[in-house]
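Asks: Dumping what TrEMBL says about this protein:
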SIGNAL    1-24  signal peptide
DOMAIN    81-161  domain 'Cadherin'
DOMAIN    162-270  domain 'Cadherin'
DOMAIN    271-385  domain 'Cadherin'
DOMAIN    386-490  domain 'Cadherin'
DOMAIN    490-607  domain 'Cadherin'
TRANSMEM  617-638  transmembrane segment
Amino acid sequence: PKMKEDHCLHAALLCLGVLCYSHGLTMERLNHSRPSLHGHHEKGKEGQVLHRSKRGWVWNQFFVIEEYTGPDPVLVGRLHSDIDSGDGNIKYILSGEGAGIIFVIDDKSGNIHATKTLDREERAQYTLTAQAVDRNTNRPLEPPSEFIVKVQDINDNPPEFLHENYHANVPERSNVGTSVIQVTASDADDPTYGNSAKLVYSILEGQPYFSVEAQTGIIRTALPNMDREAKEEYHVVIQAKDMGGHMGGLSGTTKVTITLTDVNDNPPKFPQSVYQMSVSEAAVPGEEVGRVKAKDPDIGENGLVAYSIIDGDGIDMFEITTDYETQEGVVKLKKTLDYETKRSYSLKVEAANVHIDPKFISNGPFKDTVTVKIAVEDADEPPVFLKPSYIFEVQENAASGTVVGKVHAKDPDAANSAIRYSIDRHTDLERYFVINAEDGNIKTIKALDREEMAWHNISVFAVEVHKQHQEAKVPVAIKVIDVNDNAPRFAAAYEAFVCENARSNQQFITISADDKDDSANGPRFIFSLPPEIIHNPNFTLRDNRDNTASVLVRREGFSRQKQDLYLLPIVISDGGVPPLSSTNTLTIRVCGCDGSGSLLSCNAEAYVLNAGLSTGALIAILACIVILLVIVVLFVTLKRQKKEPLIVFEEEDVRENIITYDDEGGGEEDTEAFDIATLQNPDGINGFIPRKDIKPEYQYLPRPGLRPAPSSVDVDDFINTRIQEADNDPTAPPYDSIQIYGYEGRGSVAGSLSSLESATTDSDLDYDYLQNWGPRFKKLADLYGSKDTFDDDS
């Protein structure tokens, strides 16, 4: 209570001080605003009389302390005019922000009170307008004037950090004072008044590893050589306190998680000095032998380790690679091993960091070595051929049983078992060769033809006698050596043409030859005419000595009418040992040519044609005739196939006809009331009813005796007649068509299909179920209901 009284007294004294101060200030400021009744004169320039106004209001700006919680309204200040004589005739009016709600005025005395608790952080000041009016007439006695009520701050808001939790990183082994992160807090109180918003930072948790600057909130390292491998994460609590950190100030805290990031400050270390491994001599190069691993407590690229072999008698037989996923060194076989030759190897393996930080080079060396001993295990090995592959040669057409070559394999094991040989028949399907199972000699079984297959590629197996599962395989290539056993022939099927007007010694074709034998037994080819026609009167041959020959005309004056075809034999010899030759026949046709030597026709019948038409013109004329015939045939075919559509639309459909008449009959049993002929189709009066399913190809004439008389009343005859006409109509399509009859007939087994008498006849049908079908079927239920239902309705 005592503290509350002191607070109120302070506010009252502050308001009085403001009033006293503002009177003199306002009078000085407002005396130039407008004239007053109580003014005095002052001379100006050129004798002009100036009026100096005197302000009647006595106030400037007011203050009120926020968060006041007393029982009575707070007196903010008092408004007074110098024309107020105290008789109560002046009425003070207050308007503006919060007037009447937060601020109220005594219209007689001018005292202003605050009726609600104010918060400066919500609103720092209020602008109000005051006016003095005559109480009786409401006539303004003073012009309205604005003033400000400022809310004076108290320390009622604690500091708040921007984030509830902070996360920061700093490298391990950082120097003392290394900046980690800056935390910032804010205070909603007025920073221009007192120390309510003056903040001071301190560390509550995290000593002695970190410290914080009191004024800036920067967190720094406080200990040297902090090791991530010892402790990686730290939790620090920072406090921000207002009032300059003095007692009574409000405070707020935040948590900062600081993680030490890794640096390469640890070298790799092998957990043991020697690794023992073993590998079978049957292992193939590239096969994994074993793994070694050096431990490095660093992480990421700082913990990357590369392995290498730096020494040892197995440096040429083994290799090591790095598995960066597991950080292990993988020892692999580099070359094949032989237990009988060397049974153990030793390696010196080094593990070194890939990335080295120069700052911590003094912690080195950042590498370590280890000894790896590898024992070679004996294995039952398959036979081994002395060569990886064999190449043999044999002449074609060699006699069966000719030796081609010999393969040899041995058992590499100490037992040195005997070897048996065989040919893989999948590689020798034609069975050209056979092998001696004991000594490996390969021989031919049948004669070989180089022109059919120049190379034979077979595979030979070698198997230990006592261990059939141990086998080896070697490729054997056999080359067939060529012998001259094929005579040369024409390179193509030549057909020569010579003009009737050819000149003597004119060349008209060049020929070449081909030989299936190898080049050693082929070219150079020699061309000549047989001795018996060497003096041929028509043609001669010239050897060009480049494996070609030219055929020339020996005389002039060829005629197709006399002879249009000549056969010229030509002898071709190769250059093999011994040489082979063959006689080939060249076909020569005599043709008609123009003046430039271009061929016109090679047929003797061309002379009988009209000289005025060329062959090309005749071909064009024939082509035009054929095209015209095709067009005519297509036109006739399409015209014959044109039919009337099956569906007849609109006025063409005359199958159904409505006939209107006004006669009233005596019921279904009365057949005398009207003429049955009325029900007949008008188109059928003449006895013919046209069918409109298809368009008939010809008119159909009904047979005599089938047409009923117009006055006939025999419905059975009428229906039978129509059925017979439909069955015998040749124009009818091969499908059913509906025939329409207007008369139901007499004596039908089914009875009448009309529903007009259903309600009055004794029907065996029960339609009571229609009552259960809902309101949509109520009308049908009433019409077809049971007799009892009708009786009830009546």
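Please read every residue number as a count from 1 along the shown chain.
Glycine is no exception: its Cβ is also placed from the backbone N, Cα and C atoms.
Set these features in their place in the structure for me.
Replies: DSSP assignment over the domain 'Cadherin' (271-385) gives 10 helix, 55 strand, 50 coil.
Taken residue by residue, the domain 'Cadherin' (490-607) breaks down under DSSP into 10 helix, 53 strand, 55 coil.
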Asks: So how many of the residues in the domain 'Cadherin' (81-161) end up helix, strand or coil by DSSP?
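Replies: Across the domain 'Cadherin' (81-161), DSSP assigns the residues as follows: 0 helix, 37 strand, 44 coil.
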